Amino acid sequence: CSALPCCMHTSTEMARSWSLLLPFALALVASASHAAIVEHTFNVGNLSISQLCQPDRIITGVNGQLPGPTIRASEGDTVVVHLVNESPYGMTIHWHGIFQRGSQWADGPAMVTQCPVQPGGNYTYRFNVTGQEGTLWWHAHFSFLRATVYGALIILPRGGAEAYPFTKPDKEEIVMFGEWWNANVFDLQQMALLTGIPAGPADAYTINGKPGDLYNCSAPNQTHMFEARKNETYLLRIINAALNTPLFFKVANHTFTVVAADACYTTPYKTGVVVVGPGQTVDALMVADATAGRYYMAASPYDSGIPSGPPFSKTVATAVLEYAGGANTTSPPALPQLPGFNDTNTAHRFLSNLTALVLPGKPTVPLAVDTRMFVTVGMGVADCQPEQTLCNRSRTMFASSMNNASFVPPRSTSMLEAHYSNLTAGVYTRDFPDQPPILFDYTADASNNATMQYTTKSTKVRTLRYNETVEMVLQNTRLIAKESHPMHLHGFNFFVLAQGFGNYNQTTAAPQFNLVNPQERNTVLVPTGGWAVIRFVADNPGMWYMHCHFEAHLDLGLGMVFEVQDGPTLDTSLPPPPKDLPQC
């Protein structure tokens, strides 16, 4: 349709049609190819934990675990998670990397697709994992609560491990990174909002919830242990759940073969170091071919800020890889030689060298482009907002933006509800720009002045026709500091056609586009002081958040939303909301 309102859901007949068809559709999905229903209950509440000289610290966790429970499903299964919020905070869960086709209401970002589940409330998330395989994860998408509310989401091929497009491993291990604060993370985020001053750095990095024994006061039970058998092959499912820090990962005396990233298979890539930004996942094979002994698995921060980014912890999280039999358990583990904290060359080499493993029947990069966008991403400043009661109103505060629009989520109605009912006034506007308002020397020091840094708060979306192909240049800026931002798109994977440093130049960059086997991801680390070009097809109706996966930057406004219109048929249209959708 050519007029926007006719693409919105205003008809009770449409809702009635969906309600009649939905039970049949779910039954069809559940029966197809022996697909199963994978069901979990997530009880979110207080968890007492002792860590880093902090006895009996109370955090928010799921089912009394840190990380939370792992969800394991097979391609084509339906996942059902009953969220019971026994915490004192509002709560939503985002299923990071899940497309949510036909289950858009289950995506999870607070005030984008749903209102938070209030304390004492509950909500059931239902979604299908057809057409996806590999390592994803889930996390809270409200406040800083994903610091402790997170877990792995593993999707196996329909044929099990025998169906991997690489050598079947002897065993699989989840290696999940996080960040740990001794302070209450909700209080940290609230103070940052009230003052306009970002929260300080984490006190530690963690592997599977534990910091390792290189930290002060770290007890033996605060180091995760992996057991290996000589010459066996292990599939490491590596997930970066940290709030604000990209990480280098190495295992002393061992190497990796990367076979997937963000649940998309890659051409096998041999490397001694893995780099993962917040939100990203990497699947890597590791052969236990070292001398039998004990070895540190180590995660260290990658600080991309130029001339200097926010403060960060210059510490290292460790786990121990111990060979079964023949290992001297009294000798200290060998520590790998880690890259320097600011080793951008190593980070870029890894992140830019991955390519897709092209398989029959899998999506390939679209060659025709309908919409081209050039979007600056970076830091800036803005005026204190009325609700920031502790903000110093004699000066501006930190902000972040995309194309100089600093995103503020709505307060009373979720954007998806406003879209569905076509009652968008006062919720969001359809004027997110395809270009920055001013063309300038994006990465030059001279551009970093008060005028260029200034931005304003808004809730802007970019409306896309169903099935429209979008090419987006993500350009980092020098404003405040150059930094590598992990940009995550909900509801879609995208192809990373090219990336580089400095100001993007279409003439020189376009001939370098990989249109044959570009890596496919849901989160890309835009090079510090550089750019990345992504391309995707908007074939999923709904409201889809695109944002920096640094939690501090997201709170400061580094995000926007794509509004994707309905397609021509019922199954390419947004279904009605579930009856138990939380209300604000």
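Using the three backbone atoms N, Cα and C, a Cβ is placed for every residue, glycine included.
It should be emphasised that the depicted structure is a prediction, and the values quoted were computed from it without experimental measurement.
The annotation signal peptide is assigned in TrEMBL to 1-35.
What TrEMBL records for 46-158 (among others) is domain 'Plastocyanin-like'.
Marked as domain 'Plastocyanin-like' by TrEMBL: 173-325 (among others).
Each residue in the domain 'Plastocyanin-like' (431-566) has a pLDDT score, and their mean in this model is 97. Per TrEMBL, domain 'Plastocyanin-like' is recorded for 431-566 (among others).
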Structural state census, the domain 'Plastocyanin-like' (431-566) (DSSP three-state): 20 helix, 61 strand, 55 coil
In the domain 'Plastocyanin-like' (46-158), how many residues does DSSP assign to helix, to strand and to coil? 6 helix, 57 strand, 50 coil
